[in-house]
C-alpha cells in the first residue's frame with residue numbers, strides 16, 4: 001500500500017529560482033551557509049515553503065462563510081445550492097445567519113429603495129475582508145422592475161459588488177460557478193483593500 005518509487009533516487013525539493021546572479025549563474029545568496037543549511041534541512045523532509053499571504057489566501061478561499069440577503073425569487077435557487085445535489089459546503093462555503101460571522105453576502109432579488117439602507121447596514125456589520133455576490137437580473141440592474149419608481153437599479157449603487165451572477169433567476173449551477181469565481185478572485189488578488 002502506498003506509492004512505489006519509479007527509481008531508487010530520493011525525492012528532492014525543487015531548487016528555488018530567485019534572482020539569478022549573471023556572473024555565477026546561481027541564485028543570489030545561494031552561497032550563504034546559513035540559508036544553505038536551512039535548505040538542506042527542509043529539502044528532504046517534505047516541507048513546503050510559501051509566503052504568509054499565500055497561506056492566508058488559501059485558507060480564506062476554503063472557509064468562506066456566507067449570509068443570505070434573499071429578497072425575492074432568486075433566494076429559492078440560492079437555497080437549492082445548499083441542498084445535496086450541489087452541496088456548496090464541499091467547497092468550504094458554509095451559511096451563517098449573522099453578518100458579524102460572515103465573509104460573503106449574496107444579494108438575491110429586487111432591491112427596493114426602502115430596503116437599501118438595511119442592505120448597507122448589514123454590509124457595514126460584516127468584518128473585513130468582505131465580499132458581495134449579486135445574484136439575478138434584479139440585483140444586478142433592476143431586472144424586470146428596472147423602470148419602477150421604488151426599485152434600486154442595481155445593488156452596486158449601495159454596496160461594492162465582487163461577482164455578478166446573471167439570470168432570471170440564475171440556476172444553482174450559475175451561482176456555484178460564481179462562488180468558484182469568487183474563490184479564484186481571492187486567490188489571485190488577496191485581500192481587497194476598500
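Note that Cβ sites are derived from N, Cα and C of the backbone, with glycine treated the same way.
According to Swiss-Prot, the protein has these features:
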- 73, 74, 138, 168: [4Fe-4S] cluster binding site (BINDING)
Remaining residues near the recorded [4Fe-4S] cluster site, that is with C-beta within 8 Å of the centroid of the site residues 73, 74, 138, 168: 72, 108, 109, 110, 135, 136, 137, 139, 143, 144, 167, 169, 170
Site of maximum Cβ density within 10 Å, from binding-site residues 73, 74: 74
Cβ-based isolation winner (fewest other Cβ atoms within 10 Å) among the binding-site residues 138, 168: 168
